[in-house]
Amino acid sequence: PQIWWLDPELTYGNAKPFVFTQGHSVCNRSFFPCFDTPAVKCTYSATVKASGRGAAPAGIQVLMSATQSTYLEEEGVYQFYMEYPVPAYLVALVAGDLIHADIGPRSRVWAEPCLLPTAISKLSGMVERWLTAAESLYGPYIWGRYDIVFLPPSFPIVAMENPCLTFIISSILESDEFLIIDVIHEVAHSWFGNAVTNATWEEMWLSEGLATYAQRRITTETYGAAFTCLETAFRLDALHRQMKLLGEDNPVSKLQVKLEPGVNPSNLMNLFTYEKGYCFVYYLSQLCGDPRHFDSFLRAYIEKYKFTSVVAQDLLDSFLNFFPELKEQCVESKAGLEFERWLNATGPPLAEPDLSQGSSLTRPVEVLFKLWTTEPLDSAAAASSVDLTKWRTFQTVLFLDRLLDGSPLPHEVIKKLSECYSSQLDSMNAEIRIRWLQIVVRNDYYPDLYKVRRFLENQMSRMYTIPLYEDLCTGTLKSFALEIFYQTQNQLHPNLRKTIQQILSQGLNPLPAMDPTAVAADTPAMVLEDKVSEATNGAISLRDVNVSA
């Protein structure tokens, strides 16, 4: 499961095959013999050649998450060495039609030739800015280089913090703000997750919660508090959406989750790991009174534990030793500092950050949402109140997410929304478009269904296909979903195809009535049903959450 082989048709260039690995959380045991636990760290070396031929195929560039690499041209062999100890899940390899360009003094970007100009234009000079900001907060960047490789849309997550070589899905390139946040999050992992790692997957928040906190400190330093608060509001909205779906008593909402035997730790990755973990770290920063003082603590924490793996108690003991006045308060107070409740209580965070510094960006979203959802609807006032083309992406997705939460909407509202915004949204990035199309599907708004078809016909990414197929199959549009899948399945990676088949196969008997005009004359409904019924057994868990590793 760790190695993903792609035919040329599944790449952007359609010219050469591609392969990448994805070890998080416990897949690298299928790649090489290892102690596949974050508690064990080691250095590694690797020699890469094509099996049976003694050399990598012509025109194929091989990269690994290593501090040193050499290429023996006469032999066609790559050699890699990671000089710092890392857990097994951070060993990664990618090979394909990749070329590079330097984008900073210690950074370069790798991508397929057709994507490289876009990657350069989006990231040139930016990564060094983010690294410098992170170093000012948390100490020197210890990994030497920070390179980025953009992977085809089959990459199963958004991004992965492999040391020295961050993996990022190419699909995110069209959304500047999501790209910024995702790369900065992976930069933050260079300190929190890679240098200091959670010793057990039951405390994944030690990497993800701290990295999310560090990410937001970096964005505050580089883009200001208002932008950081807007992105945080968007993510916390998503957290509460997941809480509503799961229920407040669900054990996966704990920060210290019990990992049952036979359960893949990746199944425990959810927004609680990130956002509830972030809220706890933010709570700790507030206890010491000044974020700068907390930055100093985190810098000392990294210095003490770098290249090791830790448990939550290590972090909390270090915190109290760094702030002895809090340690005294913890001893004297019967209630303590509520660390135990934060770690082991189910439900939402015990406290959330003050986001008032983002009100200049979040308040217009709240006003527009209220205009569209207050009865009686004054569509003229709502339509004229804001020009969405001048909004930030995170403002627009926050607005659309709240409309999604309120769906199904009254028919008059969805009709007027379409008249007002549909054509504008067509020209915006995929993060925005998919949300509008989900609104279309959840409201059975047939005039815009052709846009759903067009979107899915041009998407090969899990993050932009699964949510729409889930929504299509939840409502009355399963036959429409079957038709689109039947026509597009050959352009999907087998793993994604299998997942969609599982979604489509749920509750297929009886199939909803199919519109005969929507299916080719030589493709009767039973043929579609038979094809989808070939799906292998497997349960679909919660709706995918599009977050970086």
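Glycine too: its Cβ is placed from the backbone N, Cα and C atoms.
What TrEMBL records for His185, His189, Glu208 is Zn(2+) binding site. Taken from TrEMBL, the feature active site, proton acceptor covers Glu186. The active site, proton donor feature in TrEMBL is assigned to Tyr274. Per TrEMBL, domain 'Peptidase M1 leukotriene A4 hydrolase/aminopeptidase C-terminal' is recorded for 360-504.
Across the domain 'Peptidase M1 leukotriene A4 hydrolase/aminopeptidase C-terminal' (360-504), the DSSP tally of helix, strand and coil residues reads 116 helix, 0 strand, 29 coil.
Around His189 (Zn(2+) binding site), the C-beta neighbours below 8 angstroms that are at least 6 residues distant in the chain are Glu161, Ser207, Ala211. Listed in sequence order, the recorded positions from His185, Glu186, Glu208 having a Cα within 10 Å of the Cα of Tyr274 (active site, proton donor) are Glu208.
For the domain 'Peptidase M1 leukotriene A4 hydrolase/aminopeptidase C-terminal' (360-504), the mean pLDDT of the prediction comes to 96.
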